[in-house]
Each structure stands twice: as C-alpha cells, then as structure tokens.
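Contents: one structure, followed by commentary.
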Amino acid sequence: MNLKFVAVLLFLVVVLGLKYPQPSITHGRTDVVSVTPWLAPVVWEGTFYPVLLDSIYQKRNITVAATVFAVGKYIRFLKDFLETAEQHFFVGFRVKVYVFTDQPNEVPKVKMAAGRELVVRSVPNSKRWQEISARRMEIIQTLIEETLKNDVDYIFCLDVDSKFHSRWGTESLGELVAVIHPGYYKDDRSKFPYERRPASRAYVAPGEGDFYYCGGAFGGVLAEVHQLAQTCRKNFEDDAKEGIEAAWQEESHLNRYMWLNKPSKVLSPEYLWQDFKARNSEVRVIRFSGVIKNYNEIRPN
Ligand code: 5GW
Ligand code: MN
C-alpha cells in the first residue's frame, strides 16, 4: 500500500465511517496458502483488512489475555517483551498481561495504556526446566478456571524470549489458534520433530501430522485453551510417571493435540519468527520473533 492510498483510506474511515477496498474473489496472494484443507484461515499479511477486523471486534468489546512466564534468568527478556507488546499487541483493545515469575519485585514497571493491565503472579523457581515447562500448562489451566472465566474472551500463551515488531491483532482471533513454526514450514512432514516413540502420549505416527506448530505461541477462546492445557498437562504427567519425556516437551504435546483437534485459525510464521533466521520472501512482515539467546548463560540445567 502506498502512502497516498493509506491517507485516502484513513480519510474514508475517519470522516465517512468505515470504508475499505472492495474484496476480490479472484485475486489474492498466490505465493502462500491462506486456507488449510479443513478450511481454517491461515493468516498472512495481505489476506486481511486490519481496520475492518478491528471494527468488528470493537463492537463486541472483547478482552484479550496474554500469559508469559519469566522464571529465573528469563526475567531479563520481560522488559522488551512488555514494551513491544504495548506497541503492537491488540493496540486499542482491552488487554490483560499475566506475568508468572519467581521474582515479582524484578518485574519492570512498564507503562500500560488505558484499558490495559499488567498482572504479576508468583510461581516457584525450579531447578529443572522440565518442571517449569510442565507447570506452564497447569498454571494456564488454573488461571482460566479461577480468574479469567468472567471477564476475558480470548487468551494467548507466549514465550518471553521474544519481541513484537509489528501488528498482532484481531486477525489472530479464533476458537483454537496455532502458529506455524518458522523452522519447518517448507519441510516434508517426515522431517517434523514430532515425538516419534509410540510409548509417549505425544506420539505422532509417520504419515500423520498437518503442520509443525510452535510451543512458543498458541491461543484461542478460554474453553478451547483450557481443554488444550488440561490435556497436554495430563499427557505430560502420565508420560512422566512412566519415565518418558517427549522430544520437545509441551511443544510435542501441543502438536499431538493440534493433530487430533484441528485449529480453527492458523497463524503464519509471521507470528513467531526467529531473529537468527533470515526473512524469507513470502514473509512480508515479522510480527513477533524469538530473540537470539545464549543457552549456556540463561538455562539452569
Ligand atoms: C527453558 C529451557 C531450559 C531451562 C530453562 C528454561 C526456562 C523457560 C526458564 O528457565 N525460565 C522461563 O521462564 N522459561 C519460560 O519458558 C520462558 O517464558 C520461555 O520463553 C519459555 C520457553 O522456553 P524457551 O524460550 O527457552 O524455549 P525455546 O524453545 O523457545 O528455546
Ligand atoms: Mn522461546
């Protein structure tokens, strides 16, 4: 879109009420797939009108929650995460960001815009990451049961070691929302790092699986995310009782879940890129991206 076009659009929106370009039924993006075989939209830049979508959801007066864990040394990522969320994540909507940390006093005082709220909750530190990881789903499950039920409509669960770079808004809303992992989206499913041992409850058999989804971002309506968190937690714990830990922990369980329960909306890798990866041409906008981190320095084990 050129500047003149944007100015005209803005004029139409502000002065004349909502107007937007005529949707085409024959022209659209041809370099990417924008709908899955089960007819869920795949969200790419250029497949939606932000102003139109925002106007639909403004009328519904929705509230969006985000959960983020910052335990141990990961607290260092929180400031950038929160500040960039203020700039790009559901701007203009009611937002509640839930921070789970073992160091509540170290949570940066980020100024939140009107209608946006930061809620800090204490969680114990844990020597083993696997325990933090397992507890993540449990905490999300409990949060939905105890706190969110009445005043939140949608929830996104996000990794803290990441920053927003561009709009993440109403186009991402759906019943059950998964993000395509940036590392595997051009690969054959045989290359996906699913859990491959049948003994695990995260098992995905050869020839199965649609996409490889990120563990670092998922969401949807409360009921759907509650079901997901409960199921992944139970499978994770039942595996653990038998001494099994899935290849990529909760990401593996999430992938199994999304195979059996197809997401109603799929977000393209624009919604979780990785800073160390060069941008591919079909990715016109990077909206959220994992920062480069020194694993030896930040991980407890
Ligand atoms: C993660 C891996 C090994 C040891 C510790 C952690 C860890 C993760 C931690 O010590 N503290 C913490 O808060 N986390 C949370 O889990 C962060 O929100 C983090 O973004 C999320 C997932 O872990 P990541 O980001 O290290 O996983 P990858 O797959 O993105 O590298
Ligand atoms: Mn991460």
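Glycine too: its Cβ is placed from the backbone N, Cα and C atoms.
Just so it is clear, the model here is predicted, and its values are computed rather than measured.
Counting Cβ atoms from all protein chains shown, Glu251 (active site, nucleophile) has 23 others lying within 10 Å of its own Cβ. Annotated active site, nucleophile per TrEMBL: Glu251, in sequence order.
The UDP-N-acetyl-alpha-D-galactosamine binding site annotation in TrEMBL covers Phe69, Ala70, Val71, Tyr74, Asp159, Val160, Asp161. Long-range Cβ contacts of Val71 (UDP-N-acetyl-alpha-D-galactosamine binding site) within its own chain (separation 6+, distance under 8 Å): Phe100, Thr101, Asp102, Val123, Asn125, Ser126, Ile132.
For Asp159, Asp161, the entry in TrEMBL reads Mn(2+) binding site. According to DSSP, Asp161 (UDP-N-acetyl-alpha-D-galactosamine binding site) is assigned to coil rather than to any helix or strand.
The signal peptide annotation in TrEMBL covers 1-17.
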Running a distance check here. Ligand 2 versus the binding-site residues Ala70, Asp159, Asp161: which have CB less than 6 Å from one of its atoms? Asp159, Asp161
For the recorded UDP-N-acetyl-alpha-D-galactosamine site formed by Phe69, Ala70, Val71, Tyr74, Asp159, Val160, Asp161, name the remaining residues of the chain with Cβ within 8 Å of the site's Cβ center, in chain order. Val68, Ile75, Phe77, Leu78
On the three-state reduction of DSSP, what should I expect for Glu251 (active site, nucleophile)? helix
Could you tell me which of these binding-site residues, Phe69, Tyr74, has the fewest other Cβ atoms within 10 Å of its Cβ? Tyr74
